[in-house]
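**Student:** Provided herewith is a single structure, encoded as C-alpha cells, for subsequent inquiry.
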Amino acid sequence: MKPEKGTISGLQMALMLYPAVIATAFLTLPTITAQYAGNDLWLTPILSGISGALTLFLAVRLHRLYPGQTVIEYSVKIIGTVPGKIVGFAYFIFLLYLTGVIARQYAEFVKSAIMFKTPLLVILSSILLLAAIAVRGGVELIARAATILTPVFVIPSFVLLLLLPDLNVQHLFPVLEKGWIPVLKGSLAPNAYTSEFFLMTFFLPLLSNPEKGAKWAAVSIAADLFSGLYASLLVLFLLGPDTADKVYPVLTAFRYISLANFFENLEALLVAMWVIGNFLKLSIFLYAATTSLVQTLELKDYRMVVYPLAVWCVLFSLWDYPNLPSLDNHIKYVSPFELLAFFNAIPLLLLLAASARQVFKGSPNLPAKGKNAVE
Amino acid sequence: MNKALVAEVTIAVAFIVWFERKRVKKIPGKERTLFVLLLLSAWIMAFFDLPNTPGLASVFDSLFGPLRPLVEE
C-alpha cells in the first residue's frame, strides 16, 4: 500500500526533517568542528547553509520535474531502467547502513553518558524496535509523533541558557586567527549532515500542499542552522579551548548546570531529549530505507519488510565498528564524503541529466517505449 | 561469534515470522521470497564476528581514502 498524496502537511514534514538531521549533529558536530577550527567553530553551522541550499534546490527541482515521485522512482525515468534500479538499490543499502550507524552513535552516547553497564545490543535493539513499530504504522504515524515529539525535543535545549552566568564571550576572540582554511575544513562535516535534508525527496510526494513544500523544507533547514549555531556558540563560550578535548561537549555543558545547588545532573534531561530525537531520526531513516527497497523492487506492501530491515539495521550498527574510536574516526574522516556523494552529488548528476534531456528532447522523461510509456 | 547477538537475532526472526504469519499467506510469491531471504540472510549474518568483519564502512574507507588528506588537520 503506497501512502497517497495528501497524507502529511508541510509543517509535519518540517517537524520530521528537523530532528532527522539535528539529533546526532547537535551532539557530535561541536567537537569535530572544534578540532579543525578551534574557536571559530561557530562559523561552521553558518557555512553548512551552502549544502542546505544546494540540497533544497536539488530535491525541490527534481520533484517539480517529476511530481509525486521520489528519487528512486525518477532515477529510473532519468537514466534508464537498469542504471536507475542500480541507483535505487544503492540508495537502499546506503540508507540501511546509515540507519545502523546512527543507531550505533546513539547507543554509544547513551551507554557512555548514563547506562554504563547496559550492553550495547540492548540499547540498539530497543530503539530500533521502537523505530520499526513507528515505520510499520506508516508515515502518518511518524508525522504525528514528530508533531508532538519535536517540540519536546527542542525545549530542553533552552535549559542550557541557565549557563548564562558561566559563559565567557571572550572565548570568541581572536576571530579567524588561523584564516579560513581550518573553518572550511571544519565545515565539511556540518555540510554533510545538512545534506541529509535530501530525505525530503521521500516526503515531498506525500504533501497535501506540495507548492508549499519548498517553503517548509527551507524553514526546517534554517531551524537546523540556528540550532547548530546556538549549540556551537554555547559550547564555545562555556568551554573555550577545551571544546575539542571533549567527546560530547553538549553533555559536558548540561553536566555543568548547577542552579542554587539544587538543579543538577541535568544530563539526564539531555539523554531523554536524545532518546526522543533519535527515535524520530531512526524512524525517518528506516522509513526512507524501507521506501527505497519497496520502490526499487516495486513491491505492493511495505509493511512486511519493516521488521526484517530493522534486524538488518542492528547488524549494520555492529558491522565493521569494533569500538567507539573506530566509529568516531569513520564519522570524522569518511562520513562527510559518503553523505555528500549520496545526498548531493548523485542528485546533482540526476538533475543535470534530466535538464539536459529536457533541453534536447523537450521532455524530462525517457522516450515512450510501450511498457515504459510516459504518463 | 557473539552468542548474545545470535540468540537475539534468532528470537527476533522467530517472533517476526510468528507475528507476520497471517500476512505472509496473503502476499504474492515474489514478496514472500524477499521476506524469507531478508530474514534468512540476517540470521546467517548474526553468526559472524560482526565488529571485526570488514563491511560497507571499509568499502567507503577505501573509496574515499585518497580524499582523506583533505580533511586531516
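Note: Cβ is positioned from N, Cα and C throughout, glycine not excepted.
Straight from TrEMBL, here's the annotation block:
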| type | residues | note |
| --- | --- | --- |
| TRANSMEM | A:12-29 | transmembrane segment |
| TRANSMEM | A:41-60 | transmembrane segment |
| TRANSMEM | A:86-107 | transmembrane segment |
| TRANSMEM | A:113-134 | transmembrane segment |
| TRANSMEM | A:141-164 | transmembrane segment |
| TRANSMEM | A:184-204 | transmembrane segment |
| TRANSMEM | A:216-239 | transmembrane segment |
| TRANSMEM | A:268-290 | transmembrane segment |
| TRANSMEM | A:302-319 | transmembrane segment |
| TRANSMEM | A:339-360 | transmembrane segment |
**Student:** Is the count of Cβ pairs under 8 Å between the transmembrane segment (A:113-134) and the transmembrane segment (A:268-290), pairs 6 or more apart in sequence, 3 or more?
**Tutor:** yes
**Student:** Count, for each of A:12-29, A:216-239, A:302-319, the Cβ pairs lying under 8 Å from the transmembrane segment (A:141-164), and report the range with the highest count.
**Tutor:** A:12-29
**Student:** Suppose I define contact as three or more CB-CB distances under 8 A, residues 6 or more apart in sequence; do the transmembrane segment (A:12-29) and the transmembrane segment (A:86-107) meet it?
**Tutor:** yes
**Student:** With contact taken as 3 or more Cβ pairs under 8 angstroms (pairs 6 or more apart in sequence), are the transmembrane segment (A:339-360) and the transmembrane segment (A:184-204) in contact?
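**Tutor:** Yes, the transmembrane segment (A:339-360) contacts the transmembrane segment (A:184-204).
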**Student:** Residues sitting near the transmembrane segment (A:268-290): Cβ under 8 Å, six or more positions beyond its termini, same chain?
**Tutor:** 16-17, 19-24, 26-27, 92, 95-96, 98-99, 102-103, 106, 109-110, 113-114, 127-128, 130-132, 134-135, 139, 142, 145-146, 149-150, 152-153, 156-157, 159, 199, 202, 250-251, 254, 302, 305-306, 309-310, 313
**Student:** Where among A:41-60, A:86-107, A:184-204, A:302-319 do we find the most Cβ pairs under 8 Å to the transmembrane segment (A:216-239)?
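**Tutor:** The stretch I would name here is A:41-60.
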**Student:** For the transmembrane segment (A:86-107), could you work out the same-chain residues 6 or more beyond its ends whose Cβ comes under 8 Å from its Cβ atoms?
**Tutor:** 23-24, 27-28, 71-72, 75-76, 79, 120, 123-124, 127-128, 274, 278, 281-282, 285-286, 288-289, 292-293, 295-296, 309, 312-319, 321, 327, 330-331, 335, 338, 342, 346, 350
